[in-house]
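Going by TrEMBL, these are the annotated features:
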- 167-244: disulfide bond (DISULFID)
- 188-227: disulfide bond (DISULFID)
- 216-239: disulfide bond (DISULFID)
- 257-334: disulfide bond (DISULFID)
- 278-317: disulfide bond (DISULFID)
- 306-329: disulfide bond (DISULFID)
- 362-439: disulfide bond (DISULFID)
- 383-422: disulfide bond (DISULFID)
- 411-434: disulfide bond (DISULFID)
- 1-80: domain 'Apple' (DOMAIN)
- 84-163: domain 'Kringle' (DOMAIN)
- 166-244: domain 'Kringle' (DOMAIN)
- 256-334: domain 'Kringle' (DOMAIN)
- 361-439: domain 'Kringle' (DOMAIN)
């Protein structure tokens with residue numbers, strides 16, 4: 001891969017550091033090569049100035065010294081020295097943990113008291129044996145360790161957490177890692193800038209989605225994390241995030257009854273509140289849909305059980321009745337169940353609003369009742385959030401159209417147009433119809 005893939009880039013900053021070396025280079029890659037070849041000290045980062053084409057290799061990174069603004073500078077920090085977690089058995093762990101799992105301070109690798117070490121910085125110069133930090137110079141299966149400062153205990157292992165943030169669970173909605181390149185190798189655009197692509201995915205509009213730096217994220221329910229790219233020719237692309245080897249924790253308490261909206265419900269009720277049997281999630285008959293179990297491995301889409309994969313007000317399912325696409329299910333509330341109060345298994349409520357669920361991949365009529373989560377236009381552009389005024393100012397806001405369900409950046413039809421549409425995140429295209437088909441179009445995928 002690209003040599004810069006191993007570095008975290010921050011624009012417009014400078015590090016106050018004494019231990020550094022100056023070089024004349026033409027670009028960032030050449031500067032990275034100087035950092036890799038540095039023998040005067042352990043190079044943890046480098047600074048590159050675009051105007052002077054100056055390269056500074058640094059012994060410190062932002063974790064170790066003061067950082068301040070410098071417009072023309074680019075800071076590249078080696079990712080390996082920023083991680084405080086281990087991958088696998090931690091052979092490449094370069095964090096600053098310096099205590100054993102029992103809390104005993106580590107002995108410095110270069111010292112000989114209280115224990116004379118077999119592993120020293122001189123014998124193993126590439127093992128990162130700095131200070132008294134936990135390391136794994138001998139490929140120990142139990143992970144990083146250190147000699148201890150306790151004369152009665154020569155060495156012990158360190159309690160270093162796994163780097164689960166570097167992989168994704170489910171569809172990556174909770175991914176908080178630092179991958180910042182797309183699957184084709186393009187560098188990601190920072191979320192807080194509007195070039196080369198203007199968009200509405202900002203911290204202000206999505207404060208809970210961890211949209212920091214230019215890290216890949218999944219703020220809108222896509223199949224996996226993505227980002228806008230720094231290439232003017234490619235607006236956005238998925239990122240290649242590996243799936244975690246460990247399974248996500250399964251919700252236990254409350255999963256057999258209704259708690260909140262029932263998103264963690266994993267019971268076996270498979271009949272709707274009006275008595276219709278539920279359709280199997282892995283089938284497309286009688287209703288075609290996009291909630292395919294293989295695509296959404298953590299939503300509990302087993303058999304034909306009632307589920308709430310999309311944040312509806314309670315669990316629901318597609319029905320086996322070709323005339324009724326979907327309906328809510330009646331799930332016993334957890335608090336009432338605990339109190340021993342009987343809950344009727346079937347309950348018909350006439351005041352339940354008739355509307356299409358968030359799972360709809362098609363629309364009926366003009367689509368004014370469409371409540372799905374599609375947020376891509378016919379030409380593939382991402383939709384602008386309805387409560388955002390960037391890149392397009394408009395009056396179709398949630399407060400002015402309270403009944404139109406203008407949530408997030410989902411396709412909607414608040415004004416009676418011919419089909420669902422949205423404002424786009426492309427500054428050159430104000431709006432477009434969405435990539436949706438009518439529900440009675442049997443050629444739909």
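Each residue, glycine too, has its Cβ placed from N, Cα and C.
Not measured: the values here are computed from a predicted model.
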Exercise. Give me the stretch from 1-80, 84-163, 166-244, 361-439 with the greatest number of Cβ pairs under 8 Å to the domain 'Kringle' (256-334).
Key: 166-244
Quiz item: Just how many other Cβ atoms lie inside 10 Å of the Cβ on residue 383 (disulfide bond)?
Solution: 25
Quiz item: In the domain 'Kringle' (84-163), how many residues does DSSP assign to helix, to strand and to coil?
Solution: 0 helix, 13 strand, 67 coil
Quiz item: If you measure from the Cα of residue 362 (disulfide bond), which of the disulfide-bonded residues 216, 329, 411, 422 is the nearest?
Solution: 411
Quiz item: Among the disulfide-bonded residues listed here (244, 278, 411, 422, 439), which has the Cα closest to the Cα of residue 329 (disulfide bond)?
Solution: 278
Practice problem: Could you give me the DSSP helix, strand and coil counts for the domain 'Kringle' (166-244)? | Solution: 1 helix, 13 strand, 65 coil
Exercise. Measure the Cβ-based neighbour count of residue 278 (disulfide bond), defined as the other Cβ atoms within 10 Å of its Cβ.
Key: 22
Quiz item: Once near-sequence residues are set aside, which residues in the chain of residue 188 (disulfide bond), 6 or more away, have Cβ atoms under 8 Å from its Cβ?
Solution: 180, 181, 182, 214, 215, 216, 227, 228, 229, 230, 239
Exercise. Other Cβ atoms within 10 Å is the metric here; tell me which of the disulfide-bonded residues 167, 334, 362, 411 scores highest.
Key: 411
